[in-house]
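Per TrEMBL, these features apply:
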| type | residues | note |
| --- | --- | --- |
| DOMAIN | 28-74 | domain 'RING-type' |
| REPEAT | 123-159 | repeat 'NHL' |
| REPEAT | 163-206 | repeat 'NHL' |
| REPEAT | 214-247 | repeat 'NHL' |
| REPEAT | 250-303 | repeat 'NHL' |
| REPEAT | 364-396 | repeat 'NHL' |
Amino acid sequence: MGEEAAAVAAAGVRPELVREAEVSLLECKVCFERFGHWQQRRPRNLPCGHVVCLACVAALAHPRTLGLECPFCRRACRACDTSDCLPVLHLLELLGSTLHASPGALSAAPFAPGTLTCYHAFGGWGTLVNPTGLALCPKTGRVVVVHDGKRRVKIFDSGGGGAHQFGEKGDAAHDVKYPLDVAVTNDCHVVVTDAGDCSLKVFDFFGQIKLVVGKQFSLPWGVEITPHNGVLVTDAEAGTLHLLEADFPEGVLRRIERLQAHLCSPRGLAVSWLTGAIAVLEHPCAFGRTGCNNIRVKVFNSTMQLIGQVDSFGLNLLFPSKVTASAVTFDHQGNVIVADTSGPAIVCLGKPEEFPALKPIITHGLSRPVALAFTKENSLLVLDTASHSIKVFKVMEGNGG
């Protein structure tokens, strides 16, 4: 208690107010555990206004229907209708998590093994405007982002500085009208999907246009590079997945092959360089009824056989907090990682053959994550479109439990 009292005094907080907050505001009144930022102890608002921790929401909810009753006023709701209680989370940040947690609690949470911590961010409003896509150059480690600025492709060095840009906004064939996603080839060419004229555009790293592939697509969206330097592209409107092979320095398209048809509005895309697996994010209701947030993750092996599949509805049966996937990638062990805009959070789904093995790895510090990329050093880059920035997460010293 001596160290805690000293920390409270140093922070200028009256100890009696802290104790009152601990009892009245920062404890779940169902399990009497202290709220926290880590997943199971996050404070959740029920629609009636009462607040309980996420673990208690999961315990109270029916395993199939997710229905539950508020333990205080008995109002019926569903687990997926709950939301983070931001005032309590902000109060936790204000008081500081180290003031009240016991040494045993700190060793168990919030940093479970594999949990990542943000240690750096770059970009920001003015540097980036409503960014939509993120990629890493395999050779140089430079970070490439597409956004809504006057020049729509921006390149940062690996530390987030030294940005240069190209891809003028305009109506010429080589201009970038409305970029959705970006990838970088093994020989450092930048590939952009442009919804403005439904084309794929390839630039060298200095911004010189090399190739424009149009007419083959209805709405090209996600783009990714294979280990053999092929280009994978999803067509959200046609419901297809294509493989392109080209001589990028010469600007010559060698061939284009349709790998998959009958997909449901495929957007996000990822390739595992460990296994060759391909993950696709489908939005089944994108061109149908509005208000549908059921997003499906499909994973194919290198011969395009389906090896794993899960959707938002299935995840919500296992996990009380709604999961709305906005981006997908693979980590270096072949696990599927998705960005969740409902959390907001970054969630590991496990290996495709084991779907779903749900494990949140980032649960705070994000606003609206829309793109993901792992560096060779195993740091995770998250493109946060709400803060117009790239946030860099890694496992910090001492966070492994």
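The backbone N, Cα and C atoms fix where each Cβ goes, glycine too.
Remark: secondary structure over the repeat 'NHL' (250-303) totals 0 helix, 25 strand, 29 coil, with classes taken from DSSP. Of the ranges 214-247, 250-303, 364-396, the one with the most Cβ pairs under 8 Å to the repeat 'NHL' (123-159) is 364-396. Under DSSP, the residues of the repeat 'NHL' (163-206) split into helix, strand and coil as follows: 0 helix, 21 strand, 23 coil. Secondary structure by DSSP for the repeat 'NHL' (214-247): 0 helix, 19 strand, 15 coil. This prediction places the mean pLDDT of the repeat 'NHL' (364-396) at 92.
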